[in-house]
Amino acid sequence: MDAAFTSFSPYSLSRNSFPSTFLSTNNFPSLTSLSFAKFVFTKQSYLSLRGPFNSHSIKVQASEIPPTDPQNEEDFILEDVPHLTTFLPDLAMYTNPLKKTQAYAIVKQTFVTPEDVVAHKVYFKSEEVRACIVTCGGLCPGINTVIREIVCGLNSMYGVEEILGIQGGYRGFYSKNTVQLTPKSVNDIHKRGGTFLQTSRGGHDTNKIVDNIQDRGINQVYIIGGDGTQKGAAAIYKEVERRGIKVAVAGIPKTIDNDIVVIDKSFGFDTAVEEAQRAINAAHVEVESVENGVGIVKLMGRYSGFIAMHATLASRDVDCCLIPESPFYLEGQGGLFEFVEQRLKENGHMVIVLAEGAGQEYVAQSFHASAEKDASGNRLLLDVGLWLTQKIKDHFTNVRKMAINMKYIDPTYMIRAIPSNASDNIYCTLLAHSAIHGAMAGYTGFTVGPVNSRHAYIPISRVTETTNIVKLTDRMWARLLASTNQPSFLGCEVVQERFANTIDDDFHNLKITSI
């Protein structure tokens with residue numbers, strides 16, 4: 001299976017708090033199981049993970065350990081990933097059928113690379129596996145690729161024949177029929193956008209879902225979804241553990257916004273940024289073809305502005321990027337209106353990229369909106385793009401007495417409904433295979449993803465504790481400001497106060513994380 005050793009700071013979920021590690025394979029014994037106990041990084045250069053290896057150990061070399069607090073020797077934790085044997089201690093083990101497959105037969109090492117671990121023993125007989133796959137939440141490029149690779153991977157690597165597709169999200173467990181999935185039925189679904197299994201928001205009833213899992217004899221559950229979906233997966237795992245049934249629960253994190261913490265990035269993000277370029281390019285062509293053209297492109301990003309930030313950096317045609325994490329204001333010195341006027345005088349046109357979650361407080365004040373939520377518990381957003389378009393038009397028409405040509409482009413559904421690109425297709429394959437190997441090896445209540453470029457298993461609870469956001473004190477945002485030369489909007493007292501709090505929080509985190 002892909003590397004099942006993860007390191008966490010007990011105080012922060014910053015990606016930078018994960019040191020790079022080297023897994024030594026010298027004198028490594030036949031692997032029967034992986035260690036499930038907790039161990040910590042201290043000031044020592046390495047530690048030994050002791051598990052059921054007949055007193056042997058795996059040495060984990062820490063190459064980038066940040067300074068430790070003299071009062072606290074537990075800065076970094078190698079945290080155990082839940083395993084079926086935690087609540088089913090007498091669970092039988094079987095020889096891993098991977099060793100008999102054409103793909104893995106020639107692999108003689110237990111560690112193929114430091115990131116690719118293959119267990120000699122598994123906790124499921126192939127003929128006894130009855131797996132299911134469910135997709136929940138919004139759409140994202142690559143969902144169908146993950147589905148396909150789970151089905152094909154289970155079948156070709158482990159000989160699993162019984163794979164069910166749960167239709168329509170979580171409520172599909174108890175309100176809709178399932179569909180039998182085979183390599184043939186999913187053969188070309190990666191060429192389509194959306195989800196082959198359909199999706200929905202909400203509908204999570206833990207007891208009904210686990211009852212249905214038991215009734216159908218399912219013993220492996222693969223759950224593809226974002227933050228709310230993974231919280232539901234954690235609840236399913238806890239109920240499975242409480243009932244003491246042999247069911248491995250594996251999550252594959254999905255969000256087009258790239259706002260899942262711990263992992264380096266979410267699948268579909270690269271595709272979304274690439275597709276956003278088409279909308280930005282269209283806006284640029286439109287506004288440079290008219291006098292005083294102002295183009296606004298609204299991109300996805302409810303709480304995190306990663307798509308907008310990366311699309312802006314990749315484009316080079318964007319004059320200003322507005323994201324939820326960076327407050328802005330319209331009027332007065334250093335405001336957006338002043339910057340728009342300046343760019344129009346300099347270039348005759350400008351393009352603004354706007355994340356959907358930016359400026360929501362201003363829109364809500366304008367429309368006296370209430371804080372309604374959707375079925376997934378997400379705050380319903382007002383259309384900040386239309387609001388900003390009208391504000392700019394009104395200001396220059398009524399106040400500056402200046403004629404401008406406004407162009408508003410909202411490619412939201414075009415971006416998220418397309419198939420994944422080559423990079424994301426490969427990434428989706430790695431995620432799917434990691435989930436399969438982990439489930440077969442008996443891990444449960446885990447999610448998969450790269451941490452500092454190394455694929456790891458992560459307890460689901462760790463990826464649902466908070467949201468990954470753009471840090472205004474990080475170099476990537478500084479690069480964007482340097483690229484666009486846009487104002488930082490620090491001339492407003494409200495913005496200054498909010499920004500100061502952000503800096504304080506970041507520096508507090510820096511005490512316990514590396515940079």
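Using N, Cα and C of the backbone, Cβ positions are placed for all residues, glycine too.
Here the structure is a predicted model, which means the values were calculated and not measured.
Per TrEMBL, domain 'Phosphofructokinase' is recorded for 131-437.
Close to Gly226 (ATP binding site) in the fold, though at least 6 residues off in sequence, lie Cys136, Gly137, Gly138, Pro253, Lys254, Thr255, Ile260, each with a CB less than 8 Å from its CB. Positions annotated as ATP binding site by TrEMBL: Gly138, Arg201, Gly202, Gly226, Asp227, Gly228, Thr229.
What TrEMBL lists as Mg(2+) binding site is Asp227. Residue density at Asp227 (ATP binding site): 25 other Cβ atoms are found within 10 A of its Cβ, drawing on all protein chains shown.
Annotation comment: TrEMBL describes Gly228 as site 'Important for substrate specificity'.
If you look up TrEMBL, you'll see Thr255, Ile256, Asp257, Met300, Gly301, Arg302, Glu356, Tyr413, Met414, Ile415, Arg416 marked as substrate binding site. Contacts of Gly301 (substrate binding site) defined by a Cβ separation under 8 A and a same-chain sequence distance of 6+ are given as Asp257, Ile307, Ala308, Ile323, Pro324, Ala355, Glu356, Gly357, Ala358, in order along the sequence.
The feature active site, proton acceptor is assigned by TrEMBL to Asp257. Cβ neighbour count for Asp257 (substrate binding site): 31 (other Cβ atoms within 10 Å of its Cβ, all protein chains included).
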Under 8 Å by Cβ from Met414 (substrate binding site), counting only residues of that chain that are 6 or more apart:
Glu275, Ala279
Would you kindly give the Cα-Cα distance separating Thr229 (ATP binding site) and Arg416 (substrate binding site), rounded to the nearest Å?
18
Fewest other C-beta atoms within 10 angstroms of its own C-beta: which of the binding-site residues Arg201, Arg416 fits that?
Arg201
Please give the greatest C-alpha separation between any two of the substrate-binding residues Thr255, Ile256, Asp257, Met300, Gly301, Arg302, Glu356, Tyr413, Met414, Ile415, Arg416, in angstrom, as a whole number.
17
Span of the ATP site, taken as the largest CA to CA distance across Gly138, Arg201, Gly202, Gly226, Asp227, Gly228, Thr229 (Å, rounded to a whole number):
12
Report the mean pLDDT of the predicted model across the domain 'Phosphofructokinase' (131-437), rounded to a whole number.
93
Taking every protein chain in this structure into account, which of the binding-site residues Gly138, Gly202 has the most other Cβ atoms within 10 Å of its Cβ?
Gly138
